[in-house]
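A.B. asks: Handing you this structure, nothing more for now.
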Amino acid sequence: CAPVFIVRCLAPASRPQTEKAAVVLYANDAAAARAHARLPACLGLCKPSLRSGGSAQSRFQVDVVTESAAPSPSPAPAPEDSKGRFRVVGFTDSGALGSAMDIGLPPDVFHEPDTTKSDSVSLHSTGTGQTHISDSHSNTYYMRTFGHNTIDAVPNIEFYRQTAAPFGEKLTRPSLSELHDELDKEPFEDGLANGEEPSAAEEAAALAAKEAKGGTVKFGWVKGVLIRCMLNIWGVMLFIRMSWIVGQAGIGLTIAIILMATLVTTITGLSTSAIATNGFVRGGGAYYLISRSLGPEFGGSIGLIFAFANAVAVAMYVVGFAETVVEMLNDVDALMTDELNDIRIVGTLTVILLLGISVAGMEWEAKAQIVLLVILLGAIANYFIGTFMPTESKEPKGFFGYHAAIFLENLGPDFREEETFFSVFAIFFPAATGILAGANISGDLTDPQSAIPKGTLLAILITGITYVAVAISTGSCIVRDATGDHNDTVSDTVNCTDAACTLGYDFSICKEGGCQYGLMNDFQVMSLVSGFGPLITAGIFSATLSSALASLVSAPKVFQALCKDNIYPGLGVFAKGYGKNNEPLRGYVLTFCIGLAFILIAELNIIAPIISNFFLASYALINFSVFHASLANSPGWRPSFKYYNMWVSLAGAILCCVVMFVINWWAALVTLLIVLALYIYVSYKKPDVNWGSSTQALIYNQALTHCLNLTGVEDHVKNFRPQCLVLTGYPNSRPALLQLVHSFTKNVGLMVCGHVKTVSRRTNFKELAQDHARCQRWLNEKRIKAFYTPVYSDNLRHGAQFLLQAVGLGRLKPNTLVMGFKNNWSDGDMRDVEIYINTIHDAFDLQFGVVILRLQEGLDISHIQGQDELLSSHEKPPVGSKEVVISVSLAKDLDSDSCPSKTTSNQSSPLIMRGNQYNTQLSSFSYQSVNMYLYVLSPAPETKSPLSLTDQRLLESSQQFKKKQGKGTIDVWWLFDDGGLTLLIPYLLTNRSKWGDCRIRVFIGGKINRIDHDRRVMATLLSRFRIDFSDINVLGDINTKPKKHNKLTFKELIEPYRLKEDDMEQEAAERLKAQEPWRITDNELELYKAKTNRQIRLNELLKEHSSTAKLIVMSMPLARKGTVSSALYMCWMETLSKDLPPLLLVRGNHQSVLTFYS
């Protein structure tokens, strides 16, 4: 009896016994071999114990049982929360489990425990045909990678499958954190990179159900591509227009026309092959190839018109078939009503029949195509056989068999009825289309990467040779004009020199017109030549019906793929498939309706050129895709088909566009306008898809190239732009700061939202990366042109130093630090103020300009709205569920209302837990170091607490820069020359539509006895800077002493922060100053008494002159580093900016940012 290996997961002791999963693998037949290969997924059913200090036993235990000894235990159901991947494992046993990817044991191996203790595993034969495995370390079944105990996995194709891969099973390799993180580290439960995956049990069940239901019908390259392409290319043109083209253009130019058309299709075929072999190809044909190469904008626009073109092509081919049938009925006088209505009746019945074949399934449709191909091949063979069987009865109608005289006469062109080379080419080219018939059903091919190149290129070759052969044969055995009269023989009196004369016939009367036979006059001349005429008619029927059937299948398949990608809203209903082949039945019905509508119109002469141009537009974009992907030079562009060239593909794209205009210039314009309109629509909608298109790769290449080019150019004052590093924390926590800076940096300069995270718990860089992606997505959705850059640090200053030094790339580097004013600085720890002020000093040390925004209500609204806005739709909880959102504010962090340090404390990512999870997860936090506030998000209105009056004002204030400002003033208090940044920011603001109605008022300091002179000087300077202003105010009373009560208020403000060294011993004072460097000394107060008074006085003047301004932009006071204490500097800024409208304190780096030179 064969052994049965039972791999049992050892669940943590806290879990009930029923949660242990058992997987039974039979190792003695083919089914067991498949199961054996699935062992890694089976092992993924088990959740390892992740607790430190757990049991020292191994994760996996192997029991050996035999079928004769006991019945095999049935697999226990896996827990619902199991995932098909490994988690971090705390191995304490050196014999713990390694990777299961390469066990490699033969079917006759079974486990034999050994009493010897060593670190080896031996395989030995017992001489009975069974191999024993001896684990000499413990009773553990070793599963190893290269013989080492590790969960590291060897390369496996299953790791590289996408989530929705239709073949094979998606596995996930152990993550870097699972291999690298500390063993006692608590894992963070997070979804996989591509979204939530089904558990291994669910995948196994789905695979088994699929196998039980029966495999899908897949086609090889002959049946799936070659036959379809040949049937589509061999259209009705082969039988009823080739002879006329030869008569007009002659054999030589006809071959040139065929070769030109074949050149276009061959280049397109090569490009299609290159794209099709650059990775796995799914259903969708031309749409899939273009969209995955050029992105959703081009793919979405061309996919819609390509599907529509195929749908209308059904009507074209069916009407062609119906016209032939009606002509036959007319010949025997058997019309039902009149010709037009008979075409509609026959066409309707035909398209219903074709719909039935298509709906029956791809297998029936393929069988029908084979039948039609046999008929078509028979008709072509019938024609060529007939050319070697001339009869005297056919000679008066122009068919004499192969003669050199006829060949030489038909070699040159004889254009009549205002036809030209290009007009004849336009008529022929649609006969060469149809090369994408195989690619359009790419989802139904066994191996699209191999089938599409072989089938498409071979079909182009075969059909091209066929067309050339037909052109030569018709031109060699049929004269251009014939009367059909047996009596038109050559007489001695007639001077006759053409080929017919040498063969005994005189058709010279045809020069006057009226002849009905010959290449130029008889569209059915191939039926005359053929050995059996009705077979040519059958060939015409076969060509039209096969093309109609191919189009009827292609249109729904392409449309279904387009709808699945959800590029156009409202079309998702057509994405649903039915049956084992996922047939788009709804798409079939829609295609049928479109085709039937155009059949009933029965006037396709206008729409036909547009259809041809739609196909050509698709060909042009396929060629351009290859050129674009090669130009982008992305490492991901590595097609296995090597016979392509980017410049040849570009030439092919240009040729397709030229041919579009040659066929019909107005139809080409209509096509281009439709593509452009759809492109603009998709670009505006910005579908949330990421296919790794060559457009992304080229943008990266261009950005990299331009960045490198910029590094070789020195900065110039004319090109200065405010490139701002804004300490916003989470982007949605300070909307006023974000919106104001965005107003003067949008499309002008760089904006980086810096977020310093100061958390005391263990640094989790994985969480940082997730926050980064979520916040950047939020910025993009809000159309704020900015980058989000978070860093971990122990405090704001160090984090800001990291950002100031490291953010940026070459010349794309911030030059201005923007912060929020620390409104509640006096209520918190003064060490936070020391950090805040030192951050400003660090910015100046690094030659940054500094901008500080103060709103009286504050900036930070995170405690009002939380972080839910940052969650994308798929991250938000389902409707009706309750979430506990716990914001953690670390006590040792900075506790401020609006300063950026607040973003580092209260803005740590909220923990979102459903159900009762929070009871267990809260235990991982230390209650001694955190302040928590808890609130529940629920759709029930009763859980939403009303906002306080303060919060309402804060919320309203935070949105003030989002709306249009209306008429008002921006008051610029340009007291000190910092290089012009104080003036440049207001100018940039007034260029925006939101601030366009605001006028700039300039306030400067001056002497009271020369106010007019100072005003003129400033007016001259502003006019040279080309900056519009409404008024200039010279303040001659800046140095006037401030009011006494304001001085007393300032004295009360600084009182808690004074050192008061005169009241203590010198040594004690020095020690206290060293411990609390922010304290204000008496000497410092006396030294900067005049500067203190100036700040008090300026606040009085601001209230007097600018209390109604929309925004005040003011020169920021500077404090000498190491001389002015942090508390005094903070008191200056507090006194200067209190009780005012929105205020920007600006200080450039004293390098000129304005110039009046050209």
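A Cβ is built for glycine as well, from the same backbone N, Cα and C atoms used for every other residue.
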A.B. asks: Looking at 251-281, 499-529, which one does TrEMBL call transmembrane segment?
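C.D. replies: That would be 251-281, per the transmembrane segment entry in TrEMBL.
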A.B. asks: For the transmembrane segment (614-631) and the transmembrane segment (302-322), decide whether they are in contact, meaning at least 3 CB pairs lie under 8 A, counting pairs 6 or more apart in sequence.
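C.D. replies: By the criterion, they touch.
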A.B. asks: Just to confirm my parser: what is the rounded mean pLDDT across the domain 'Amino acid permease N-terminal' (135-186)?
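C.D. replies: Looking only at the domain 'Amino acid permease N-terminal' (135-186), pLDDT averages out to 61.
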A.B. asks: Counting CB pairs under 8 Å, which listed stretch among 225-245, 342-361, 532-555 touches the transmembrane segment (455-474) the most?
C.D. replies: 225-245
A.B. asks: At least three Cβ pairs under 8 Å linking the transmembrane segment (302-322) and the transmembrane segment (251-281), pairs spaced 6 or more in sequence?
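C.D. replies: Since fewer than 3 Cβ pairs under 8 Å link them, the transmembrane segment (302-322) and the transmembrane segment (251-281) do not come into contact.
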A.B. asks: Ranking 225-245, 251-281, 370-389, 421-443, 532-555 by Cβ pairs under 8 Å to the transmembrane segment (342-361), which is first?
C.D. replies: 532-555
A.B. asks: Six or more residues out from either end of the transmembrane segment (421-443), which same-chain residues have a Cβ under 8 Å from its Cβ atoms?
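C.D. replies: Contacts of the transmembrane segment (421-443) (Cβ under 8 Å, skipping residues fewer than 6 from its ends): 166, 219, 224-226, 228-229, 231-233, 235, 237-238, 241, 245, 248-249, 253, 257-258, 260-262, 264-265, 268-269, 272, 276, 281-286, 288-289, 310, 362, 413, 415, 451-452, 455-456, 459-460, 463, 467, 547, 550, 553-554, 557-558, 561, 582, 608, 612, 615-616, 618-619, 659, 662-664.
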A.B. asks: Out of 225-245, 251-281, 370-389, 643-661, which stretch has the largest tally of CB pairs under 8 angstroms to the transmembrane segment (532-555)?
C.D. replies: 370-389
A.B. asks: Cβ under 8 Å, sequence separation of at least 6 from the ends of the transmembrane segment (370-389): give me the contacting residues as numbers and ranges.
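C.D. replies: Contacts of the transmembrane segment (370-389) (Cβ under 8 Å, skipping residues fewer than 6 from its ends): 223, 227, 230-231, 234, 238-239, 401-402, 466, 469-470, 473, 477, 526, 529-532, 535-536, 538-543, 545-546, 549.
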